[in-house]
Amino acid sequence: MLELYIYSLFSIATDDYIRQEGYPAERHTVITADGYNLTLHRIPYSRNEDQTTLTRKPAVLVQHGILCSSTDWVIAGPNSSLAFILSDAGYDVWLANSRGNTYSRNHVTLDPAREPEKFWDFSWHEMGTIDLPNTIDYILDKTGEPDLNYVGHSMGTAIFYVLCSERPEYQDKVRSMAAMAPIAYLNHVKSPIMTFLSSVADPLAWLCNSLGYYEFRPNGKILLFAGKAFCEANSLAEGVCDNLLFLYAGYDSKRLIKSILPIILAHTPAGASARQLTHFAQLMKRDQWFGQYNYNKQKNMEKYGQPEPPAYDLTGITVPVALYHAQNDWLSSMEDVKVLAGRLPNVAERKVVPFPEFNHLDFLWANDVKNIVYDDVIGFMKRYDRKYADVALRPSAEVDANVVHSDFIVSDVA
């Protein structure tokens, strides 16, 4: 019965959840320079605002982590979901969807079902060097704003550092960057899946040859290798041990909003390439190193002009950054964030959640996350907001009727 209920929730999209709460919703498509169709969900103004007197407001781009989507920012209701809280705080909210996830599985020429090797030939490097700059340009064009604020979670923080390193000119288009569960250096990771992948000599080859695919998605072998021992040792809610996101990032039964667990299980994992995971696994093997994907010496020479992949340069990041992290985070450890904070030259704020059980996914779905984290995030952003004259807001027409790719929908439930 749980499987049938979860399956029924899959068809409810991000914009449906937004409208259910009484907020306006728009859906946009960004076509990247290399042909991926990225869906953006927008909340242009709050449900509490008088629509006859809407004025221009600062834009904020909210970027999810790996295996996630824009849905994660709206399913906990208006009092706990970051998207609604930002909207009520006076922001024009844009929710990103990275290439390959539920909402961004289309391409100008490639079909993920027929040409998986080509479609999934990317890591989070391309998200930072192509997806983010293309998305930022689109938002600024639609809103008429000269810049925006940025909020990222997990992988959503890593790709921002990639953007600043590889496309530094885009720093002039970002006023502030709030990083929740920041990811860069990965020498103290506790995730069962990531620990397993880092122990494999060539994790991408293992995933593609042993499991037979280029997308990282649920599979019995993954669950068997990475999660069996952990799940047997812990008493977890039904469905959790069958979900890659929880085995990847952790599960906190104390703070998770229990009522939304079926919705979480219906929408995650939302899709990712095998290379995204293996890129992170590579970082775990090198001491305090954050850099590009390591192919092999021959391909590295062809791609980079050197036998080893280059490191990302964080020393030139000028955007004010706020770091929010937790003690019980399997991926963003206290030790690794300390290294990151020491190498970012413009850390304006750094806060550790004062609750020892708070974990990686609690930044999304903890029952008291607004008071613990989000209020601080908004306070930080307000310090860098520009002042506006009384200029009318520019809402946009919807662009897409349905962008959930058909090959992602399971036809039947076992």
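Glycine is no exception: its Cβ is also placed from the backbone N, Cα and C atoms.
Annotated domain 'Partial AB-hydrolase lipase' per TrEMBL: 15-76, in sequence order. Across the range of the domain 'Partial AB-hydrolase lipase' (15-76), the DSSP-based residue counts are 13 helix, 20 strand, 29 coil.
The active site, nucleophile annotation in TrEMBL covers S154.
Feature annotation from TrEMBL assigns active site, charge relay system to D329 (among others).
Counting every protein chain shown, the number of other Cβ atoms lying within 10 Å of the Cβ of H360 (active site, charge relay system) is 28. Sequence annotations record features per position, and here TrEMBL assigns active site, charge relay system to H360 (among others).
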Subject >> Between H360 (active site, charge relay system) and S154 (active site, nucleophile): CA-CA distance (Å) >> reply: 8
Original post:
In angstrom units, rounded to an integer, how far apart are the Cα atoms of H360 (active site, charge relay system) and D329 (active site, charge relay system)?
Top reply: 5
